[in-house]
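As written in TrEMBL, here are the features:
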- 32-423: domain 'Amino acid transporter transmembrane' (DOMAIN)
- 35-56: transmembrane segment (TRANSMEM)
- 62-85: transmembrane segment (TRANSMEM)
- 120-145: transmembrane segment (TRANSMEM)
- 151-170: transmembrane segment (TRANSMEM)
- 177-200: transmembrane segment (TRANSMEM)
- 220-238: transmembrane segment (TRANSMEM)
- 259-281: transmembrane segment (TRANSMEM)
- 301-326: transmembrane segment (TRANSMEM)
- 346-366: transmembrane segment (TRANSMEM)
- 372-392: transmembrane segment (TRANSMEM)
- 404-429: transmembrane segment (TRANSMEM)
């Protein structure tokens, strides 16, 4: 008894954390996941079905030198920018579980609305890309077995949207993915390995490829700028604080571990399929790599089905900030199976996905959406805001050299954002003349 009284009180790291850092109100889970689960969420985004297009949308416009150097540079700069955002997660003694909350803490209330608008445009356009890719994968699967009477792309996009709606209703929040992240990893490995193996086989047996960059000088300038937007789009989610919100304390330390995982092990499959696809087919590489490869029908069908299913899981990740906003605003709490909660998810998430599916079927220009998303949202959210917020938040702690580095990032990426927006709008205008609405691409 005496010994027990003499022993000093000890507090766990988690208790100290909870007493010192305020956690905002939300209807979704906070501080429940390991850094490894967050790492898999980030890696799932990097190796989503979009990787099947990078050989065509990044390497073809940039060539070997531009593509390789661009991807490596984008990796380093993206890691640096995401680390800045992660380090600001607890700025001011409060966990900023939403990007807009962090911006409002640093700049004021007006920044909340502007950041909210940029982020949701970013996420909405990413989800359009997933719906288009999911529909393309489904159409390719039908074409493998019945090329002459395959289902049209708009119908395939509609089926993808319906499947995404069912998944959104049954999966209440981001932390609930858990086992689905494992499924997503397996599905991603299937279409990446199949694509790489079949592309290597085709490349070995093919005659010398053309790796030159085609087009007139003026059009090459625009496609190069557009490809630079695809470079940053490949590595960044635009929702890092929302993912970091799920990470257990200490949130900053664990999120940095997740980022190191994403930008080391996580990028290897993406690099492999991007470079192998371009090596195998050169300037003729399709913007959906599985359309270029040749091999056994059942193998190609399995890869396309895997891409279709993985797009459903990935879309849920990027739609989760929208779902969190709706659930929190309307007070959806408690069991996910409560009739009130279930009916709300059916109405709210179903409505969101119906609109997304309709837009996807109307304008299925995948490469253009990647470019415009990178230009309008990914550049500002990931690079411009991240560096400038860090300058404002840490102004008294930064050396002159550090301030110059961050300001140079702000200026360079602001110029690139404007240029990439112009290039992407030009591409959409050109494709709008070439394709009609509800086009069967």
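Cβ coordinates come from backbone N, Cα and C, glycine included.
Given the structure is predicted, the values throughout are model-derived calculations rather than measurements.
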Go through the chain and flag residues at least 6 beyond the ends of the transmembrane segment (177-200) whose CB is under 8 A from any CB in it; none is fine as an answer.
37, 40-41, 43-44, 47-49, 51-52, 171, 269, 272-273, 276-277, 279-281, 289-290, 292-295, 299-300, 302-304, 306-307, 309-310, 313-314, 316-317
Sort out the residues at least 6 away from either end of the transmembrane segment (62-85), same chain, that have Cβ-Cβ distances under 8 Å to it, and list them.
99, 102, 211-213, 224, 227-228, 231-232, 234-236, 240-241, 256, 259, 263, 267, 271, 274-275, 278, 382-383, 386-387, 389-390, 409
Remote residues contacting the transmembrane segment (404-429) - C-beta distance under 8 A, at least 6 residues beyond either end
77, 81, 221-223, 225-226, 228-229, 363, 365, 367-368, 371-372, 374-376, 379-380, 383-384, 387-388, 390-391, 398
Residues of the parent chain within Cβ reach of the transmembrane segment (151-170), under 8 Å, 6 or more residues beyond its termini:
130-132, 134-136, 138-139, 142, 308, 311-313, 315-316, 319, 323, 342, 345-346, 349-350, 353-354, 356-357, 360-361, 364, 438-441
Below 8 angstroms Cβ to Cβ, which residues of this chain, lying six or more residues outside the transmembrane segment (259-281), approach it?
35-36, 39, 42-43, 46-47, 51-52, 54-56, 58-60, 64, 67-68, 71, 75, 78-79, 82-83, 86, 188-189, 192, 195-196, 199-200, 202-203, 206, 209, 211, 234-235, 289, 292-293
